[in-house]
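**Q** Here's a structure for you.
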Amino acid sequence: MSSFHKNSSYMEDPDYPGYSGSQNHTQNYLRTQDDLEFPGCLDNPGFHHPRRNPYSSDSRTNPDYHHSLAEPDYPGSPSDADYQNTRCHPRSAHPRTRPDYEPDYEPDYNDFQSESYHPDLSMEPDYPGSHGHPGFAGVRSSVNSTGPRTNLGYLDLEEPDYPGAQGNSYHSGPRSHSNLPGSRRNAGYAGSRINSYPDSLGEPDYPGAENQPNSPDFYGKPDYPGAEEGDVYSPSKTLGVIGRSRGSFGILGREDGDYPEGIEMASLGMAGDPRNGYVNPAYMRGSSPVCPDRNLLLCARDWNTSPQGQKLIASLVPMTSRDRIKTIRNQPRTMQEKRELRKIVDKEKNKQSHGTFEANCCAQCLSSLSLAYRRTKSSLSELLNYISLWQKRFKVIGGKFGTSVLSYFSFLRWLLKFNIFSFVMNFSFIIIPQFTVGEKNTLQFTGLEFFTGAGYFRETVMYYGFYTNSTIRHRMGGASYNMQLAYIFTIGACLVICFFSLLFSMAKYFRNNFINPHIYSRGIAKLIFCWDFTVTHEKAVKLKQKNLSTEIRENLSEIRQENDRLTLNQKLTRFSVHVAAWLVSTGITAACCVAVYYLAEYNSEFLKTHKNPGAVLLLPFVVSCINLAVPRFYSMFRLVERYEIPRQEVYVLLIRNIFLKISIVGILCYYWLNIVALSGEECWETLIGQDIYRLLLMDFVFSLADSLLGEFLRRLIGMKFITSLSLQEFDIARNVLELIYAQTLAWLGIFFCPLLPFIQMITLFIMFYVKNVSLMMNFQPPSKAWRASQMITFFIFLLFFPSFTGVLCTLAITIWRLKPSADCGPFRGLPSFIQSIYSWIDTLSHRPGYLWVVWIYQNLIGSVHFFFILTLIVLIITYLYWQITEGRKVMIRLLHEQIINEGKDKMFLIEKLTKLQDIERRANPSTLVLERREVEQQSPLHLEELDAAPDLRLRRSMQEENAIA
């Protein structure tokens, strides 16, 4: 086997034709042992040549040796029946086993050294007993043999057979001199470790190779007698290497050949280790022991001492902290190497700045503060992610059902945060002060109050009518607390903060999901080629795999939907169906609103004449039934409309359902503000609060029953009775509209029932776990995978308009136009709720220190012109932002098309280059041999596959030449 030097040229290769063949091959041979990519390298696990020599007289596999492991049974071996008690070449006149044997260092065939190479000769010697002899059973070069290497039909290019190669015995170099004095390949040599068989084990045969001190065999252990007594080489190491060396060809050679040259070779790491006594010269002399043929910047060791590493460190020192961190972060290194690089750069920077410490004191302080700020920010971010609600649950849901179903639970958690904030505000500034002056409740609690909200709860902090209108002052001359201002400012602050939070959230999600360049590339590179290697837990790995699979299906579905095109008739048909569905849904919504209004009036008249506590539940029960049944009827329209894109179907259902629910809430608000508030009822604010509480509670009960009973029964029917139904899919539109409807009621009732955010918080917390369990048990993943990156943005938009804006309009009418109750609430006795603000401003106008507050109110808050100018500015900024967004979209689209065109240009050039190379190969087929050698040298791991499979390219070229001939 040739020993190719990766860092040398072909003229320095011992197997190259015309190589002079130095008698001393020790250095060149050993130099290849630490070349991991050399096909014949001892350290190459894919090398399949033998390590154990069954022919050596001193080998441990020799049957005469008392520790023999195997006995060869080939012709001419001691185990063969026809063996004539000789070990040397059958034509040798002096066999070593004869008593009168004398070492003969002359060649045992005639005129060996005098024979020169002739072009007409075959590629291998043909003397008697040689592989090249025509009469030899295992001949390779005989034209009559089925497998000669010089035959055109034989495509095995395992070893070169040109003059000067190891397989050619006419080569004048020492490797082919099997009978050269002192050669290991000479059968007459007493210390030989290999057989006279040419190229039997791929070992060096140069003179004196056996004199290397403690020279190991190919198992990492010497094969001379008594080797097992050494302290350096233990049997455990030998057995370990033996296990690695047993490849697909066995120990003795190829399965289809008569020569032992196909045995797999393992690493010589133990042999080359200086600790074993044997010091490989190449081990100590390599140009780069760590990374001999790679970039030093990517090396795992001593990278900082290389010129490239020093240059990198020198370039990082003058950088700012931000740029230095960004540069180190982008380095293709492990985290440990990046930390070491940062420490080295910090040390170098400290050395350079040691003399100018006083001058750079401020800069160092700023750098330290910046570093502390970044670390604190990172720690807080990690803490928030760690304590984030249901983080693991979200990963499971997203991995199994995709981002579309996950968007519902993300929206639910987002609403829960809103209600937690509102409850904290109300509890801190309204409820706690009222506890200090509240009177004891004398009503009896019966339990029915949980459903009706009346009775015992009427005289608690739950409703508006219980709060005092006085100024709280615990001692004379102390600080006072105006309950009227606290009530209206706290409710107003909650609504204002919710307003800006909704705007900020819509802007953030809009920027991430609508202006993201991934809408053109879809993040394919990140999706396919990125893997979080910090994920090591088996369950987490499987979950990550599910996530990747779901995201890939979502991206593929979008690509397929973009390529679908409809004909004109199909478009007209679908348009007609959509118009009809919209007309039917609008008519149903109008009918439901009319029914709810007349039911509310009838129920109010009925309650005046009947004192039945359960009668108050009739209106919320009917409204909840409508909200449960009508959206399911809307969902059946999908069978007729047949939307190809699932996102469009969800959008249409959302709009229809929100139109239904908001219309019902609007009719109820009209009834409350125009019928109940003007009816002269005692404490009408508390009555409205009770109605909203009952609506919210009844909606929660219906949702709970639908999840625990309805969805469970639907699963049983689909699995047991009507199997064609199978499992149902999660209805995102209907479930999201339930959340929006409940949150609308919570915002609407926050003025009349300050504890309503707390009730909504409890219901959302329970609904998450109920929906999660029902989802895992009763639903299947969506049949059409689709991404829902823009769904949360649409949900928040629907929550903002018309839900939140409708609530603001209703509360504005209540505060500015309606008269408060005369006997209850903090605003009792006032002509309007806003009158408390006017009285406060009048009081501040008589105090010189607060005149700036009066000016702000009169010229900004209370001025119509200010709000007109502010609205105009907001619209202008929105328009400019929209134009910038559209411009960026166009630029992103152009850049994306440019990248695609550049890729097409490269593919065109590659195809042209490939065609030119094919034409050149057909014109000069001999270049295929050198190309094969380059492939073997560059890809040693595939050497076994290349040897086992024929060279299809060579066969194709030869067939074309034969056809032309």
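Quick reminder: no glycine exception, Cβ is built from N, Cα and C everywhere.
According to Swiss-Prot, the protein carries these features:
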- 1-10: compositional bias 'Polar residues' (COMPBIAS)
- 20-31: compositional bias 'Polar residues' (COMPBIAS)
- 61-70: compositional bias 'Basic and acidic residues' (COMPBIAS)
- 166-181: compositional bias 'Polar residues' (COMPBIAS)
- Ser248: phosphoserine (MOD_RES)
- 1-235: region 'Disordered' (REGION)
- 1-417: topological domain 'Extracellular' (TOPO_DOM)
- 439-444: topological domain 'Cytoplasmic' (TOPO_DOM)
- 468-484: topological domain 'Extracellular' (TOPO_DOM)
- 506-578: topological domain 'Cytoplasmic' (TOPO_DOM)
- 600-613: topological domain 'Extracellular' (TOPO_DOM)
- 635-657: topological domain 'Cytoplasmic' (TOPO_DOM)
- 679-691: topological domain 'Extracellular' (TOPO_DOM)
- 713-747: topological domain 'Cytoplasmic' (TOPO_DOM)
- 769-794: topological domain 'Extracellular' (TOPO_DOM)
- 816-859: topological domain 'Cytoplasmic' (TOPO_DOM)
- 881-965: topological domain 'Extracellular' (TOPO_DOM)
- 418-438: transmembrane segment (TRANSMEM)
- 445-467: transmembrane segment (TRANSMEM)
- 485-505: transmembrane segment (TRANSMEM)
- 579-599: transmembrane segment (TRANSMEM)
- 614-634: transmembrane segment (TRANSMEM)
- 658-678: transmembrane segment (TRANSMEM)
- 692-712: transmembrane segment (TRANSMEM)
- 748-768: transmembrane segment (TRANSMEM)
- 795-815: transmembrane segment (TRANSMEM)
- 860-880: transmembrane segment (TRANSMEM)
**Q** Is the transmembrane segment (418-438) packed against any residues at least 6 beyond its ends, judged by a Cβ distance under 8 Å, and which are they?
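**A** For the transmembrane segment (418-438), the nonlocal Cβ contacts are 461, 466-468, 470, 472, 474, 481, 483, 486-487, 489-491, 493-494, 497-498, 501, 743, 746, 750, 754-755, 757-758, 760-761, 764.
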**Q** Might you confirm whether the transmembrane segment (692-712) is in contact with the transmembrane segment (795-815), defined here as three or more C-beta pairs under 8 A between residues 6 or more apart in sequence?
**A** no
**Q** Might you confirm whether the transmembrane segment (748-768) is in contact with the transmembrane segment (485-505), defined here as three or more C-beta pairs under 8 A between residues 6 or more apart in sequence?
**A** yes
**Q** If you run through the topological domain 'Extracellular' (679-691) with DSSP, how many residues end up as helix, strand and coil?
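**A** DSSP classes over the topological domain 'Extracellular' (679-691) add up to 8 helix, 0 strand, 5 coil.
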**Q** Same chain, outside the topological domain 'Cytoplasmic' (713-747) by at least 6, Cβ under 8 Å from its Cβ: which residues?
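**A** Non-local partners: 401, 404-405, 407-408, 411-412, 415, 418-419, 422, 495, 498, 627, 631-632, 635, 650, 653-654, 657-658, 661-662, 665, 692, 695-696, 699-700, 703, 756-757, 759-760, 763-764, 771, 775, 777-783, 788, 791, 795, 798-799, 803-804, 806-807.
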**Q** Can the transmembrane segment (658-678) be said to touch the transmembrane segment (860-880) if we require at least 3 CB pairs below 8 Å and skip pairs under 6 apart in sequence?
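**A** The answer is no, given that the two segments have fewer than 3 Cβ pairs within the 8 Å cut-off.
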**Q** Reported in the order helix, strand, coil, what are the DSSP residue counts of the topological domain 'Cytoplasmic' (816-859)?
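**A** Residue counts for the topological domain 'Cytoplasmic' (816-859) by secondary structure: 25 helix, 0 strand, 19 coil.
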**Q** Residue counts in helix (H, G, I), strand (E, B) and coil for the topological domain 'Cytoplasmic' (439-444), per DSSP?
**A** 0 helix, 0 strand, 6 coil
**Q** If I take every residue in the topological domain 'Cytoplasmic' (506-578) and average their pLDDT values, what number comes out?
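**A** A mean pLDDT of 71 is what the predicted model shows over the topological domain 'Cytoplasmic' (506-578).
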**Q** Determine which residues of the chain contact the topological domain 'Cytoplasmic' (816-859) at the Cβ level, with the cut-off under 8 Å and only residues 6 or more beyond its ends counted.
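**A** Here the qualifying positions are 464-469, 482-485, 487-488, 673, 677, 682-686, 866.
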**Q** Which sequence-distant residues neighbour the topological domain 'Extracellular' (679-691)? Criterion: at least 6 residues beyond either end, Cβ under 8 Å.
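**A** Non-local partners: 452-454, 458, 462-465, 616, 619-620, 668, 672, 749, 751-753, 756, 820-821, 823-825.
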**Q** For the topological domain 'Extracellular' (600-613), how many residues does DSSP put in helix, in strand and in coil?
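**A** The topological domain 'Extracellular' (600-613) comes out at 11 helix, 0 strand, 3 coil.
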**Q** Using DSSP, how many residues of the topological domain 'Cytoplasmic' (635-657) fall into helix, strand and coil, respectively?
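**A** Its residues fall into 17 helix, 0 strand, 6 coil.
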